[in-house]
């Protein structure tokens, strides 16, 4: 790939996390670009594919688009892909209070990364990672979205309480990025 791979995001924290997880041996040059994409509704896979194709048209080249869901089991998967708006209106405290009337506090964090070569005739490829856990009252720093209220299974710290290095070993984003890295190193010629 002679052109750089554009990671479409305006979220500096997300970019920093992805670059850290990819490490120095990723075979493509990753650059970020903020692109005004439509906010779509639907299933996460469909949203990612459509956003990725639109981003590839705008950038006129290879792109990555990432979308994150936080699915509460008690609410049938909501907020799901709409977590951004729930978080903007409610904050981490409000997210945890959404489950006040339910015994089931379990949730799944899902990261879906979509890749397009830039060719509109080629399929978009998806890489998805999931981490299960539960929603708790916010603990830890408030610098990265809903991290303060997500407690991954098997841990006694929320994402926000963990050192970045620990979170980056187990997170939903890490699982998706590792699948992306494998695809790029094994399937594509760089």
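From the backbone N, Cα and C atoms, a Cβ is placed for every residue, glycine too.
Now, the feature entries from Swiss-Prot:
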- 9-14, 51, 67-68, 84, 144-147, 167, 172-173: ITP binding site (BINDING)
- 39: Mg(2+) binding site (BINDING)
Cβ-based isolation winner (fewest other Cβ atoms within 10 Å) among the binding-site residues 51, 84, 172: 84
Alpha-carbon distance [residue 39 (Mg(2+) binding site); residue 146 (ITP binding site)] in Å: 19
Between residue 12 (ITP binding site) and the residue listed as 'Mg(2+) binding site', the C-alpha gap once rounded to whole angstrom: 19
Where the residue listed as 'Mg(2+) binding site' sits in the secondary structure, as DSSP reduces it to three classes: coil
Spatial neighbours, same chain, of residue 9 (ITP binding site) - Cβ under 8 Å, 6+ residues apart: 15, 32, 34, 66
For the residue listed as 'Mg(2+) binding site', nearby residues of its own chain (Cβ under 8 Å, 6 or more apart in sequence): none
Conformational class of residue 84 (ITP binding site) under the three-state DSSP mapping: helix
